[in-house]
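*Asks:* According to TrEMBL, the record shows the following:
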- 5-145: domain 'Aspartate/ornithine carbamoyltransferase carbamoyl-P binding' (DOMAIN)
- Ser54, Thr55, Arg56, Thr57, Gln81, Arg105, His132, Pro133, Cys134, Gln135, Cys261, Leu262, Arg289: carbamoyl phosphate binding site (BINDING)
- 151-300: domain 'Aspartate/ornithine carbamoyltransferase Asp/Orn-binding' (DOMAIN)
- Asn163, Asp221, Ser225, Met226: L-ornithine binding site (BINDING)
Amino acid sequence: MTKPRHYLQFKDFTRDDYRHVFDRTRWIKDKFKRYEPYHPLFDRTLVMIFEKASTRTRLSFEAGMQQLGGSAIYLNTRDSQLGRGEPVEDAAQVISRMSDVVMIRTFEQDIIERFAAHSRVPVINGLTNEYHPCQILADIYTFIEHRGSIQGKTVAWVGDSNNMCNTWLQAAELLDFNVHVSTPPGYEVEPERAGLYGTGHFEQFADPMEACKGADLVTTDVWTSMGFEAENDERMKDFADWCVDAEMMAAARADAVFMHCLPAHRGEEVTADVIDGPQSVVWDEAENRLHVQKALMEYLVLGKVED
Ligand code: CP
Ligand code: NVA
């Protein structure tokens, strides 16, 4: 049996893979907008395993698989044997014998790596503590739709050096753009945890205003990610000056866009006038989860499909 291809972190794909997936995304999205059915995954099954909460990820994978002609099954820790200590390796053996592709949202990256090592079918990372590659896939596609190629552009990341930040940094290395990162002291990027080859594609700034200067895209995320709730009170104080506001947007390029993976907390990591303002593309960004993930599933299950 040939080993399946997985999507566990952004650098699992090459630049060529991304070119293909973005081309397919455009084609699949256009077709969907014309109400033309497209069922390349007829009779295929996606299993979605959630160990953390979700709105967008569940919705976009479930709707996406259905729109491609297949079906999706939702499992969570609470009402499956996963929450009762069944080894992840055993779960992978069983689940992958009954499905064609698996999406997992969990805690440590190690869990998804172990699952994938024992899976007969492709495994997709739907968010771990370390990475959120499907979201960055949607973010970059959204940038391309609004502004063209991201190569050589500058992304300002304001806030926590979390799973989103790490994935932006991997994407910058792969697709050749720059990230200006500003985190509060003590929350700086850890290149090894981010899975980076080097430090050539990002720069750290103590002052978030400095990070936003000249940026083509300004983005942020919650101060407290899922799994880190115990640190919430401390983080509220530490991140108080890392709120993306109109002044930061004004420091960016005049045509800069604002992104947030959502869910957002207005008045914490972003002001309402920015996220609800004219530079914000957050709703397109959320919608594009659907389209990019349909292209991703098509690619992982069927390989390079050309129209
Ligand atoms: N952005 C994102 O992954 O949203 P959910 O947590 O709602 O899936
Ligand atoms: N960094 C956030 C993203 C939520 C989609 C978290 O991990 O909770």
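Here the Cβ of each residue, glycine as well, is placed from N, Cα and C on the backbone.
These numbers come from a predicted model, not from an experiment.
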*Asks:* To see if you understand the setup: which same-chain residues, six or more apart in sequence, place their Cβ under 8 Å from that of Asp221 (L-ornithine binding site)?
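*Replies:* Those within reach of Asp221 (L-ornithine binding site), by Cβ under 8 Å and sequence separation of 6 or more, are Gly159, Asp160, Asn162, Met164, Cys165, His260, Cys261, Glu269.
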*Asks:* Kindly report the helix/strand/coil residue split of the domain 'Aspartate/ornithine carbamoyltransferase Asp/Orn-binding' (151-300) according to DSSP, in that order.
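*Replies:* For the domain 'Aspartate/ornithine carbamoyltransferase Asp/Orn-binding' (151-300), the helix, strand and coil counts are 61 helix, 25 strand, 64 coil.
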*Asks:* If you check the binding-site residues Arg56, Gln81, Asn163, Asp221 one by one, which have a CB less than 6 Å away from any atom of ligand 2?
*Replies:* Asn163, Asp221
*Asks:* Just give the helix, strand and coil counts over the domain 'Aspartate/ornithine carbamoyltransferase carbamoyl-P binding' (5-145), going by DSSP.
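*Replies:* The counts are 70 helix, 21 strand, 50 coil.
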*Asks:* Let me make sure I understand the span of the L-ornithine site: among Asn163, Asp221, Ser225, Met226, what is the greatest distance between any two Cα atoms, in Å?
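*Replies:* Across Asn163, Asp221, Ser225, Met226, the widest Cα separation comes out at 12 Å.
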*Asks:* Spatially, and counting Cα to Cα, which of the binding-site residues is closest to Arg289 (carbamoyl phosphate binding site)? Options: Asn163, Ser225, Met226.
*Replies:* Asn163
*Asks:* For the carbamoyl phosphate site made of Ser54, Thr55, Arg56, Thr57, Gln81, Arg105, His132, Pro133, Cys134, Gln135, Cys261, Leu262, Arg289, how many Å separate the two farthest Cα atoms?
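*Replies:* About 30 Å separates the two most distant Cα atoms.
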*Asks:* So if I measure Cβ to Cβ from Met226 (L-ornithine binding site) and keep only same-chain residues at least 6 apart in sequence, which ones fall under 8 Å?
*Replies:* Lys52, Ala53, Leu127
*Asks:* If we count other C-beta atoms within 10 Å, could you say which of the binding-site residues Arg56, His132, Arg289 has the fewest?
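*Replies:* Lowest Cβ count within 10 Å among the binding-site residues (Arg56, His132, Arg289) is Arg56.
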*Asks:* Provide, as an integer number of angstrom, the distance between the C-alpha atoms of Asn163 (L-ornithine binding site) and His132 (carbamoyl phosphate binding site).
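*Replies:* The separation of the Cα atoms works out to 6 Å.
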*Asks:* Out of Ser54, Gln81, Asn163, Ser225, give me whichever of these binding-site residues has the highest number of other Cβ atoms within 10 Å.
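*Replies:* For the binding-site residues Ser54, Gln81, Asn163, Ser225, the Cβ with the most other Cβ atoms within 10 Å is Asn163.
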*Asks:* Which residues, sitting 6 or more apart from Cys134 (carbamoyl phosphate binding site) on the same chain, put a CB under 8 Å from its CB?
*Replies:* Tyr7, Thr57, Ile124, Asn125, Gly126, Leu127, Arg289, Val292, Gln293, Leu296
*Asks:* I'm trying to understand the geometry here, so how far is the Cα atom of Gln81 (carbamoyl phosphate binding site) from the Cα atom of Ser225 (L-ornithine binding site), in Å to the nearest whole number?
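*Replies:* Just about 25 Å between their Cα atoms.
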